[in-house]
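Working notes, beginning with the structure itself.
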Amino acid sequence: MMTLSPFLLLLIAAVVIGNASEGEVKNEFEERLKDEFKDPSRSEVAEVILLRELEVLEETLFGKEMTSDTEENRNSREKRCMGYDIECNENLPCCKHRKLECVETSGYWWYKRKYCRPIKG
């Protein structure tokens, strides 16, 4: 009981002090919110507008060719495939360049899952 009472006292003090500071946090949050709308240079709306202006400027400087090339390169990524001893199905095929195929293993009757294994033959 002697060791429990200091911890209980500490818990009560933490709860009382924690609730007292909750109002201060609300006030600080409201002040920050008001400051953001007072100073338009710091507001998120101003950042979005600036971003749009920069995109227009970039497009005029580099043209649409640059944006189309980056989109094409982004979409031409090699499709991912599963490695050895990893679960596979129609949506997640095994890697053909690693010479793996999706087969029913010995535990298929229990797990009802296929796994990537080396091609036999």
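Glycine residues also receive a Cβ, built from the backbone N, Cα and C atoms like all the rest.
As the structure is a computational prediction, the values presented were derived from the model and not from experiment.
Here Swiss-Prot flags Cys81-Cys95 (among others) as disulfide bond, drawing on similarity to another entry. Cys81 (disulfide bond) carries neither a helix nor a strand DSSP state and counts as coil. A simple way to gauge crowding: the CB of Cys81 (disulfide bond) has 16 other CB atoms within 10 angstroms, across all the protein chains here.
As annotated by Swiss-Prot, disulfide bond applies to Cys88-Cys102 (among others), with the evidence given as similarity to another entry.
Annotation comment: Swiss-Prot describes Cys94-Cys116 (among others) as disulfide bond, evidence class similarity to another entry. Taking the Cβ of Cys94 (disulfide bond) as centre and 10 Å as the limit, one finds 23 other Cβ atoms among all the protein chains shown.
Spatially close to Lys120 (lysine amide) yet at least six residues away along the chain is no residue at all, judged by Cβ distances under 8 angstroms. Annotation source Swiss-Prot lists lysine amide at Lys120, citing experimental evidence.
The signal peptide annotation in Swiss-Prot covers 1-20.
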Cys94 (disulfide bond) and Cys81 (disulfide bond), Cα-Cα, nearest whole angstrom: 5
Inter-residue Cα distance where the pair is Cys95 (disulfide bond) and Cys88 (disulfide bond), in Å: 10
Distance, Cys95 (disulfide bond) to Cys102 (disulfide bond) (CA atoms, angstrom): 9
